[in-house]
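Taken straight from Swiss-Prot:
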type	residues	note
ACT_SITE	Asp180	active site, charge relay system
ACT_SITE	His212	active site, charge relay system
ACT_SITE	Ser378	active site, charge relay system
DOMAIN	43-134	domain 'Inhibitor I9'
DOMAIN	144-450	domain 'Peptidase S8'
CARBOHYD	Asn282	N-linked glycosylation site
CARBOHYD	Asn456	N-linked glycosylation site
SIGNAL	1-26	signal peptide
Amino acid sequence: MKGLLSLSVLPVLAYASPMIVDSIHQNAAPILSSTNAKDIPDSYIVVFKKGVTSTSALAHQNWVQDIHTSVESKRMKKRNQFTFKNEAFDGLKHTFDFAGGFLGYSGHFDEEVIEQVRRHPDVEYIERDSEVHTLKAATENGAPWGLARISHRDKLNFGTFNKYIYASQGGEGVDAYVIDTGTNIDHVDFEGRASWGKTIPQGDDDVDGNGHGTHCSGTIAGKKYGVAKKANVYAVKVLRTSGSGTMSDVVKGVQWAAESHLKSVGEAKKGNRKGFKGSVANMSLGGGKSVTLDRVVDQAVAVGMHFAVAAGNDNADACNYSPAGSKNSITVGASTLADERAYFSNFGKCTDIFAPGLNIQSTWIGSKHAVNTISGTSMASPHICGLLAYFLSLQPASDSAFAVAEITPAEMKDNMISIASKDLLSDIPSDTPNLLAWNGGGSDDYKKIIGGARENDTTEFSSTLTEKLEKLAEEGLTAIYNELKDAVVA
């Protein structure tokens, strides 16, 4: 029976319109599913209520595994010895103990088990695990132009088409976590700055067998193809060679990246990572709406990670997809060389900014020198992730060994939006920000980049206001003149 919903989960669902809520009564945790996602049968993500401790969560996880074992044992005894179909349930898969208080777990459970779980007082909600996939749109021949576009205010021409103007130290001291299919870490364009971080899908190899993650990594930090040419790259593999995976694996990948970031922060504070300036992350992937994934991404941002996520390639409202609908990340739509919204790019109020995403050339798999040209918001998001790393690296080092600037992800997001080139793109719906990413035109002075852009905005506003006032004054004087004229004639 759909309808009744515990009050604790209402705030979470306030912006999750594509969600279906299945709740049998008020004393049972609701089961959430997305109308635009492909569910994985009998697979769930369980999220604990706020206030539940790590100790209580561990006890609960042991409890649910015991129930699972007991139920499976009974099922095995009842099975017909001639039944060859594999009906076994795997039980607990991942545990989530996220910095800042997000606790939960995922697993493959029998309905009898999950019904007991949803009645446990510590459980806030349960979400059906679902498929996640890369957002690649098409493969076409072409030349790189995206870097040039984000370093020029004006529309590209033959003189600026292939000229990327940038600060040479861009990305230095910044770690970029690419949560995707992996990265070809031996590619020459990474100059030894790429490392394998973590493989989340069970039984998968530490290699990018798809190419999508490698392409994103190259746009972020490659020597030739990257925005932030000195950044470090860490491959976090959450999708398999096919380019698809599970929502629970993606959630676990985000947790791993955030934990790795916090370790780096700790090491820097101890003086063991001099020059460390922070961490950025890119997620050029998506699926249906997932309250859990959006929540976890926002939690990673809360602990200091700067996140860029792809808006999606459905030519639809980005708010209906995850992680595009996360509140605190930067959601990126795709633009073309002609300064149009790419025909496939999602849009809407959840889209924060646009970046080049059509015919983008970058690193690939197959050899240390392989390249490929592909399109999608998957290619736009790494431009913004690279810009996040680029701008972080321009921050002045503090007096301590921990050189992370006093700029939060929220402030960085606001600044990037404030300096973006405005109203240049065509085919932008009215509810979508018409903003195209800009890197400051090669300046290495972050404060001047931000201050100059805001000063220009103020000047433009003042100029526009003056023009309007002058027009009103002119209209007012004309009206007075006409009144006097009419009076004289009368």
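In case you wondered, yes, glycine gets a Cβ from its N, Cα and C as well.
Overlay of Swiss-Prot feature records on the structure.
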residue: Asp180; record: active site, charge relay system; CB count, 10 Å: 31
residue: His212; record: active site, charge relay system; CB count, 10 Å: 29
residue: Asn282; record: N-linked glycosylation site; CB count, 10 Å: 33
residue: Ser378; record: active site, charge relay system; CB count, 10 Å: 31
Rounded to the nearest Å - Cα separation of His212 (active site, charge relay system) and Asn282 (N-linked glycosylation site): 12
Residue pair Ser378 (active site, charge relay system), Asp180 (active site, charge relay system) - Cα distance, angstrom, rounded: 10
Three-state secondary structure, which DSSP defines for Ser378 (active site, charge relay system): helix
Stretch-averaged pLDDT - the domain 'Inhibitor I9' (43-134): 84
Separation of alpha carbons, Asn282 (N-linked glycosylation site) and Asp180 (active site, charge relay system) (Å): 8
Secondary structure tally of the domain 'Inhibitor I9' (43-134) (DSSP, helix then strand then coil): 32 helix, 33 strand, 27 coil
